[in-house]
Amino acid sequence: MASHSDTLVVFFGATAGANGGKLGSDEREIILLVWQIVDLHEKKVGKVHKYFVKPDSLELTDQCKEETGLSVDDVISAEPLDKVLQQFQQSVTSEVKCLGRNSYTLLVDSPHIIRQALHPEASKKNLVLPECFFSFFDVRKEFQKCCSNAGPVQKLTLSSMLEYVGQPAVAEQQIGVREVRSMVQLTRSILAEPHNHKFCSVERVMYKFDAGTCSKTEPVDSETVIRARGLPWQSSDQDIARFFKGLNIAKGGVALCLNAQGRRNGEALVRFINSEHRDLALERHKHHMGSRYIEVYKATGEEFLKIAGGTSNEVSQFLSKENQVIIRMRGLPFTSTPQEVLNFLGPESPVTDGSEGLLFVKYPDGRPTGDAFVLFSCEEYAQNALKKHKQILGKRYIELFRSTAAEVQQVLNRYMSAPLISTLPTSSMVPLPVLSTPPFLPSASSTRDCVRLRGLPYTAGIEDILEFMGDHTVDIKPHGVHMVLNQQGRPSGDAFIQMKSPDRAFLVSQKCHKKTMKDRYVEVFQCSTEEMSIVLMGGTLNRSGLSPPPCKLPCLSPPTAYTAFPPTPAILSEAALYQTPLLAPPRPPQATIHSSAHTLAYYPPQPHLYMNMNYTAYYPSPPVSPSTVGYFAAPPGAMAAAVAAQSHPSAAATSSMLPQPGALMRMQGLPYNTGVKDILSFFQGYQLQPDAVLILYNFSGHCSGEALITFPSEEMARRAVAECSNHQFFGQQVHLALCN
């Protein structure tokens, strides 16, 4: 007899997709529920109830049709899941009452129907499940307790268990009815002599996720941790717990991962109560959270502790209050006081314990980071606070979003471990002697002969940028690559490139905009030397305009890789400045001999600069621009040949071998979401290649509505103008004209 109920409800379900051991792994909806009652006192059984369920998507997989023998016709006229569950509860309650019993517990063949099918589907459809679906017995585990020699739980089947206790297989063809009657027969066998089994080990489904903290000294079993990837950036720990609904997550077991800038990167580490729940979580690989599918992989306990573990007493005290909703505020003015934050949130969203419910994130030296965490006692107060998202405090707009205890730990750990003095990444270039010359800084000018690269991978180096620029590297000025670092001395994802002329900068911004580098697209904008200099000196450049640096004098620090070299004046050969992997195939020897090597200027070692360094610094480009090294092939076309001839007179003799360009056409009036494929489709039949299309972008990075198309010949271009001028481009009239 069960310790907490006197009746069992033997329960079975099937979905429109995979069933059996893979039930619920493909997110298919439930289409069949079958149950039967067993009285544990008198060993009586009730009537078998079988209900079809109408899914939202009336589509059954071939596997489902083969395994269950069901078709769409069987479920098309059935009730939806919520109605069937109501009928289940009414039927079971009435039947249990007729037997004179007070309580009942579900008995299933495996936890999949409860944990992997019923709870996830109810969560997606916002259904409130009856309380009986939050506890159940697993017939395999119960059988294994009284018949331990039958084998491991994972290998047990209904037929093998019946055979073990000497019971014949149930002769029933209907899916669901066969399984339910088999479980009933097995249950009555183990309740009788000689087993006299008692159902007492009930499994439970957690009602809600319990947030909490995790200490770095706490042991975490690697067999209980997974990594979820592809999460929406605004996801909270409760959203992740809802994605894994039906599985029990350990207290404080959701840790959102942050990138180098302290922002969520779409990943989370989740810790479950045991390995069984972890294995069930892995079966939800590529299940959906809204419109996005989530990837689920194994992870380790060390990875979880690295993200979620904390040692700060301040954080522990802040998070010691139970059942609090955590909101993260980002972008606060550095001079903000607790009272100003409380006034910003307003009386409709009171903070728990006033200023005690605020935690300002600071650097080790006490400087504010602009981040803070706030505690609210209930969901209503938190929702009122979230309505303040992007409202103004002082002169800055403030971002507010849900947070977690693990994120509090992670943010505090990250900032408190940040060094007081920024350290720059070690350069992969060969060691160079350094000349005793002043540090190089471009003179400010309004000439737009520079480009800004935004969105670079944080692991990108000089070599990656040169590869990204491709043939345009011939137009980079000496010392023309500058990588902007953040306040911790790490790459910020921005870089500035000095080009030889505004025309070259414009061409690069058009050709390379949104080109991919290491699986990330990079935005490329044309800008001036003045804008670049202000950023390199510590100012900021964003869509709101320029912000001046905190001091007028530049404070540039050399990379640590070069501070150890003596400042002995020396002139190196240009080829010696690059490692072998950076060299493209050399050009054939030319008749014209190059002039003598350019005078090289580089950063002298000045250790005292470290003490006053500005937190926005830049990483130097190779001492000599690639345009002065004869190892990069010139780009195709007469224009490129002219550039190559100017940069390398010796290359003029070979320029005739380069392909000549055809006729250039300008398209105007394009939709702003136009792509290269759209234009190629518009000129279908002219056999244009993708590199013949150049879409023009404005300074903000959006399509300007214009494009340049290169045709093989002027005759073909004129014919295209005549034939296509009257055609509409996706319902929009465009203007075509030949460029002179």
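Note that Cβ sites are derived from N, Cα and C of the backbone, with glycine treated the same way.
Model, not experiment: these values are computed from the prediction.
With DSSP classes pooled into helix, strand and coil, the tally for the domain 'RRM' (225-297) is 15 helix, 33 strand, 25 coil. TrEMBL lists 225-297 (among others) with the feature domain 'RRM'.
In the predicted model, the domain 'RRM' (326-401) shows an average pLDDT of 90. Sequence annotations record features per position, and here TrEMBL assigns domain 'RRM' to 326-401 (among others).
Annotation source TrEMBL lists domain 'RRM' at 450-525 (among others).
The domain 'RRM' annotation in TrEMBL covers 664-737 (among others).
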Subject >> Recorded stretch that, among 326-401, 450-525, 664-737, has the most CB pairs under 8 Å to the domain 'RRM' (225-297) >> reply: 450-525
Original post:
When the domain 'RRM' (450-525) is classified with DSSP, how many of its residues are helical, how many are strand and how many are coil?
Top reply: 25 helix, 33 strand, 18 coil
